[in-house]
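Noted in Swiss-Prot for the protein shown:
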| type | residues | note |
| --- | --- | --- |
| BINDING | GLY36, PRO37, ASN38, GLY39, ILE40, GLY41, LYS42, THR43 | ATP binding site |
| DOMAIN | 4-207 | domain 'ABC transporter' |
Amino acid sequence: MNLLAVRDLAVARGGLRAVEGVCFNLNAGGALVLRGPNGIGKTTLLRTLAGLQPLVSGVIEAAPDAIAYAGHSDGLKPALTVTENLRFWAEIFGGRNIDAALEAMNLRDLANRPAHALSAGQKRRLGLARLMVTGRPVWLLDEPTVSLDRDSVALFAAMLRAHLGRGGAAVIATHIDLGLPEAEILELGPFRASELRRQSRPAGFNEAFG
């Protein structure tokens, strides 16, 4: 089942074209990893796919209400507790699975703590747990492991693999190995996207993600 299709997409940042020629199909259970140097346009591409900024040209096809985006901002309500934040987003998106989200990102012991009292890593875990309560099948993830320690990265990797196993899909900008050897890679170079290639299991692959 095709969840996201992109054809000859061009995106711009600050009025200047950043990347063009982006083409891919993302099916149920599929993952696409965006690679490229800092400033090449990965965030711009993800924001365009999420509908947060206009495309320059090309086509983006996705079912209505299919996409959930996790960017550099965690989107938390500081005065609300961890559980209340998840409930807020579940109500906004019409989703559920609050208990499962707490469990997935090891937030149960923090359930009643206000978001403003969380550490940077805890806030990031809550921001990622928010994805589970949206009910959206396509996750767009911009450097999702920032501020996470090794154990939290493993938790997120497990949550992501479970999402894919349930028929979800993801586009991820990351240089961290998340244990997705079946993922396709899209290398972004100056102004142009490369052909898709399969991710190979890298040397030093962390068996905790295998």
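Just so it is clear, glycine is given a Cβ too, placed from its N, Cα and C backbone atoms.
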Counting every protein chain present, what is the number of Cβ atoms, excluding its own, within 10 Å of the Cβ of GLY36 (ATP binding site)?
19
Any further residue of that chain within 8 Å (Cβ to the Cβ centroid of GLY36, PRO37, ASN38, GLY39, ILE40, GLY41, LYS42, THR43) of the recorded ATP site:
LEU188
Which is it, of ASN38, THR43: the one of these binding-site residues whose Cβ has the most other Cβ atoms within 10 Å?
THR43
Where does LYS42 (ATP binding site) sit in DSSP terms: helix, strand, or coil?
helix
Cβ-Cβ neighbours of ILE40 (ATP binding site) (radius 10 Å):
20
Mean pLDDT over the domain 'ABC transporter' (4-207): what is the value?
91
